[in-house]
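See structure below.
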Amino acid sequence: MTIEIHPSVSTSSICTDFDHVIFYVSSPKLVANYLCKTFGFKIYAYKGLETGSRDISATVINNGNVYFILMGAIRPLHKQPKDQLIDNIHKHIATHGDSVKDVAFKTSNINLMINHLKNLNKLDIIIDGPNELIDNFGTIKTLTIKGFNDTIHTLIDRSNYNGFLPGYKLINDSNDLQNSFIKMDVIDHCVQNQDWNQMINTCNFYKEIFNFHVFWSVDENQIFTQYSALKSTVMTNENESIKMPVNEPAIGLKKSQIEEFIEFNNGSGIQHIAIKVDNIIDTIKKMRDSGAEFIKVPDEYYINLENRLKQNKHPKIKETLKSVKKLGILVDFDENGYLLQLFTKPIFERPSFFFEIIQRCNHNGFGAGNFKGLFEVLEKDQEKRGNLTLQDVTDRTKGLSLSSPSPSSSLSPSPSQQKLKNKAKKEITDDDIADAVNYLA
């Protein structure tokens, strides 16, 4: 399956890069300390009672050009309008658990986005701003846009600002050197999981609102195991510095990791954030030594990898098979380059959000060659949690309109989607599990 979604008429680049990511968590300081200890982050800035914030506590951590805000409420739930942020934090955590709330993008022109939304007649998706905030570091402009489910995107214009964000106190702790030897580079991509039949709608949203285009796309005929499958499309901005993969479930015998995420996250959301590094061997070794927990890759994977390397053309891989196997690192490659990647276990209590560490060597893919092996590893963890259960066939028609597609629609339903639409007109029984066998045969 190839999805054709091209940039909109405007060629202007609205978003230029990732800025930061906000997590809503119950205990910001505890999460920050864990990530500092195991990922080599350091405390960069802080907002709380000590800085005059009476409602929230927020700890900013960074490593390289990766900035995360761990934010939580320090007062009970209230009803007054001035406590709306407190309400939002409490409700988000109650609904989704500790998780990503805001994937913020850099921009050089807030007005460009406002005019763009005005032309689309979609100013109603602005949920905060435009704001122009001034402090000793200069002037910063922000605009927050509603995404899918409870995820949002804040656009940040730092053209005339030298600090982090107004209200935050920068921290310069000379003692904060415990794991500064773990080096991160940038956010490589942020992956979101959508419910059944929502991937195309989501991709069209990023095309229409942010002028993104398709960077990469695969379907259930390429990504499947004995039990499960998925579809994935990567959306990116004009200079391809922002990559937002969008996943959705596909027909399988049992529930996939995407469905497990949707269940425990109570809807769509950010499944994982990939952090790019320059030396993954050194990074993973130090992270493991510091207590970070990663998925366990079976020995069979490396037997298959060795065979793939022998049978397929690829550039010289400087890292030895012995070293990547020892650290449990995954390898994917093509004729021009290769990538190395590894995924942590879920960071929070719910089996939802995790991190990926990735090193790219002239390879801009997303580990398609690893998906089958990765899925099988994740399925074993699902089984341990009691979540590798039979797929509910009635879920497969979620989000599908039973009416004919609009002639103006930029994307037509795939044959498999049309088949499901037709099935939705009559009762779906467990006999439909045969579809899964056909898909995975």
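Using the three backbone atoms N, Cα and C, a Cβ is placed for every residue, glycine included.
Going by TrEMBL, these are the annotated features:
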- His189, His272, Glu356: Fe cation binding site (BINDING)
- 400-416: compositional bias 'Low complexity' (COMPBIAS)
- 17-158: domain 'VOC' (DOMAIN)
- 186-345: domain 'VOC' (DOMAIN)
- 396-427: region 'Disordered' (REGION)
Task = Please state whether DSSP places His189 (Fe cation binding site) in a helix, a strand or coil.
result = strand
Query = How many neighbouring Cβ atoms, not counting its own, are there within 10 Å of the Cβ of His272 (Fe cation binding site)?
reply = 22
Note = So Glu356 (Fe cation binding site), by the Cβ count within 10 Å over all chains shown, scores 21
Inquiry  = Could you tell me the mean pLDDT the prediction assigns to the domain 'VOC' (17-158)?
reply    = 94
Ask   = What count of other C-beta atoms do you get within 10 angstroms of the C-beta of His189 (Fe cation binding site), across all chains shown?
value = 21
